[in-house]
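Below is one structure; the comments refer to it alone.
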Amino acid sequence: MKFLVLIFAVFACSSVLLSSSDALEIGYYNKVCPLAEAIVSATVFKHFLQNRTVPAALIRLHFHDCFVRGCDGSLLLDVTPGGQVVEKEALPNKGSVRGFEIIDEAKDAITAVCGNVVSCADVLALSARDSFFLTSGLYYQLPTGRFDGRTSLASEAIPNLPAFTLTAAELKANFARKKLNTNDLIVLSGGHTLGRATCAAFTHRLYNFQNTSRPDPTLSQDYLRILRGICPQSGNPSPRVQLDKGTEFIFDNSYYAEIVKNNGLLQTDQELLFDQETSATIRSFAKDNLSFLKQFSQSMINMGAIEVKTAKDGEIRRKCNVPNSGRISSHATE
């Protein structure tokens, strides 16, 4: 572990520099915990070696955290004895978001070295950055300085997280509410180059698209046959299918190449090909992997700056699953 920490500390000195929110800064922990980022990197790498699906899980965990209450680690909080229902129990998250134990392990390792000076929100954001690096080969410096929130409400998840049945216009509106633009939408959707989805997320496209009793006409016939073989009508909704049928464990532009061939798994993915504002960029990324990876780095930074908490309205949790007060606030304004 010590060797891995040293390797990542040295590597971080030479990387892509990108701008971010004024509330955050690169090297925020350099004085109080100079090994913080290296410890996170080593922890993620250790788990990646054991399970190739870890990067997809951590990137999704960060996305789902940021889109509800901003990037404040609210998704990491557990149900309390008082019965407060938190984000991780909401339908878009329950049983599907994972990687919490990796965040806890990295946080505890940092605390053992430096004390309680690094937020759980930053540990999560850094874990997502490192997941991207391990699967793409591109490393970028991530601004840090987020504080942890004290509130987590399951009721806020569905209104904020984009559903897999949204139209392109609805997706753009969803991202705009988070101060992310259409390019961020296209780029961050490329995160679906990793990971899998259950049959329940797309079977409506296979058998009864928009209540027509017919399949989605934008889905290629070859891919339709493959998916129907995995997800028979009225069958088990639990089987998982890779979001990118080209390169499931490599972070690259294969996701866009598959969409251009009408092999997008989710409705929201394929929608982007037929929208006038997004189609050209989808086709461009399908041909230019490096451009996509560089823009993904920037869009991750943009997303990581959503509604960040500061010392005035947040805290640095001692344990990532419990606020320092020992209870979760039920006030939506906190």
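Note: Cβ is positioned from N, Cα and C throughout, glycine not excepted.
What TrEMBL says about this one:
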- 23-324: domain 'Plant heme peroxidase family profile' (DOMAIN)
- Cys33-Cys114: disulfide bond (DISULFID)
- Arg60: site 'Transition state stabilizer' (SITE)
- His64: active site, proton acceptor (ACT_SITE)
- Asp65, Val68, Gly70, Asp72, Ser74, Glu87: Ca(2+) 1 binding site (BINDING)
- Cys66-Cys71: disulfide bond (DISULFID)
- Cys120-Cys320: disulfide bond (DISULFID)
- Pro162: substrate binding site (BINDING)
- Cys199-Cys231: disulfide bond (DISULFID)
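Where TrEMBL records a feature, it is marked here on the structure.
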| residue | record | Cβ neighbours (10 Å) |
| --- | --- | --- |
| Cys33 | disulfide bond | 18 |
| Arg60 | site 'Transition state stabilizer' | 21 |
| Asp65 | Ca(2+) 1 binding site | 31 |
| Gly70 | Ca(2+) 1 binding site | 21 |
| Cys71 | disulfide bond | 30 |
| Ser74 | Ca(2+) 1 binding site | 28 |
| Glu87 | Ca(2+) 1 binding site | 26 |
| Cys199 | disulfide bond | 18 |
| Cys231 | disulfide bond | 22 |
| Cys320 | disulfide bond | 23 |
Candidates Arg60, His64, Cys66, Cys71, Cys320 (recorded positions) with Cα within 10 Å of Glu87 (Ca(2+) 1 binding site): His64
Distance from Asp72 (Ca(2+) 1 binding site) back to Cys66 (disulfide bond), taken between C-alpha atoms, in Å: 7
Asp72 (Ca(2+) 1 binding site) and Cys114 (disulfide bond), distance between Cα atoms, whole Å: 21
Alpha-carbon distance [the residue listed as 'active site, proton acceptor'; Cys199 (disulfide bond)] in Å: 20
Listed in sequence order, residues with CB under 8 A of Pro162 (substrate binding site) and six or more positions away: Phe67, Glu170, Leu171, Asn174, Phe175, Thr268
Per-residue Cβ crowding (10 Å cut-off), top of disulfide-bonded residues Cys114, Cys120: Cys120
Rounded inter-Cα distance in Å - Cys320 (disulfide bond), Val68 (Ca(2+) 1 binding site): 17
